[in-house]
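Visitor: Mind looking over this structure? Questions follow.
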Amino acid sequence: MGLLTILKKMKQKEKEVRLLMLGLDNAGKTTILKKFNGEDIDTISPTLGFNIKTLEHRGFKLNVWDVGGQRSLRSYWRNYFESTDGLIWVVDSADRMRIQDCKQELHSLLLEERLAGSTLLVFANKQDLPGSLSSEDIKKMLDLDNIKSHHWRILPCSAVTGEHLLEGIDWTIDDIASRIFTMD
Amino acid sequence: MMMSNSPGDFHCLSLGEDQEELFTENSNSNVVDTQFDIIIGYIEDIIMEEKFQTLQNSFLERFYKEFEETEENKFIYTDIHKEYVNVLEKCLEDELSMRVPDFSMIEFTKQIIERKSELDGEIFEILLTFSDFVAFKDMFLDYRAAKEGKTVDLSTGLTITSYSEMPCDRGEINFGQN
């Protein structure tokens, strides 16, 4: 690891948190990011690269990285693992067809060494859509109870209404903070 | 990779000036402090020098066309950023090795970690911007804008109120928000 990387890591001690938001395409990652940041969510198109937002929240500086989820883009995800404190896995709760694909992608991420120790928040998004699966259903279908390698939590949410977004982010920060910032 | 120009062939050419004998006294523990401060001083010199600036500039020149004024980032930015950090770091290390006999980057980074509570100086802010992605992207966008003559149009944010309409008798220029 080089000098600049080390400096950057040390800088992060001042309550900087890096969150990586991943999930299949059309799960609503960018919409969540923009909604949380108070931006307009009417004109969001599929992400082909990645977005970054730096948000001030509860005295923390959140660096949120949102990377495109199309199949052809998923090989790029690994370029963004480094220094991740929290992984936000976004699920389209109305997309029953791809829930297996969703499960596989999540579980292979959890094996990543560079994500070891990171907090996992699963957002069961699109709860505002009729026929969407409940977070309880998704918990079972994604086999979350078998995750022992990460602190995790699942929350139902809607990026459109904003329901539970804040709660999810707050839990993630609390979990990260209890691991990292109590050491000082 | 996606890059048509490999950035890997950038080198930091060094002239080797400023080589000095650093350790004239070894009698107390201040030697470590002194050496640390000397290295920091050298880093300050190095990043101000033409060589370093030229390196940075040639990097900008080579890749600025990849960068677009859109909120979303392309994956290639990350490749370019990684290469940029590597190149600048290599330059710093090469230059320090020229100036400090037996310089070890590993040793130096260890010292930095030990002294992290002291790291508030401007030099660290500058070093940090080298590795901060958002600062990196902005640097490229600014460079491109300047290159293509799209410098910021200040007139849109400037309101000039005529003297006679001024509520007080001093001439003022208001910088409006929009």
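Note: Cβ is positioned from N, Cα and C throughout, glycine not excepted.
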Visitor: Of the residues A:G69, A:G86, A:G162, only one is listed by TrEMBL in the GTP site with A:G23, A:L24, A:D25, A:N26, A:A27, A:G28, A:K29, A:T30, A:N125, A:K126, A:Q127, A:D128. Which is it?
Guide: A:G69
Visitor: Let me make sure I understand the span of the GTP site: among A:G23, A:L24, A:D25, A:N26, A:A27, A:G28, A:K29, A:T30, A:G69, A:N125, A:K126, A:Q127, A:D128, what is the greatest distance between any two Cα atoms, in Å?
Guide: 21
Visitor: Among the binding-site residues A:T30, A:T47, whose Cβ has the fewest other Cβ atoms within 10 Å?
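Guide: Among the binding-site residues A:T30, A:T47, the lowest count of other Cβ atoms within 10 Å belongs to A:T47.
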Visitor: Quick one: Cα separation, A:K29 (GTP binding site) versus A:T47 (Mg(2+) binding site), in Å?
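Guide: Spelling it out, the Cα of A:K29 (GTP binding site) and the Cα of A:T47 (Mg(2+) binding site) are 9 Å apart.
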Visitor: Taking only the Cα atoms, work out how far A:D128 (GTP binding site) lies from A:T30 (Mg(2+) binding site), in Å, as a whole number.
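Guide: So the alpha carbons of A:D128 (GTP binding site) and A:T30 (Mg(2+) binding site) sit roughly 17 Å from each other.
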Visitor: Out of A:D25, A:D128, which of the binding-site residues has the smallest number of neighbouring Cβ atoms within 10 Å?
Guide: A:D128
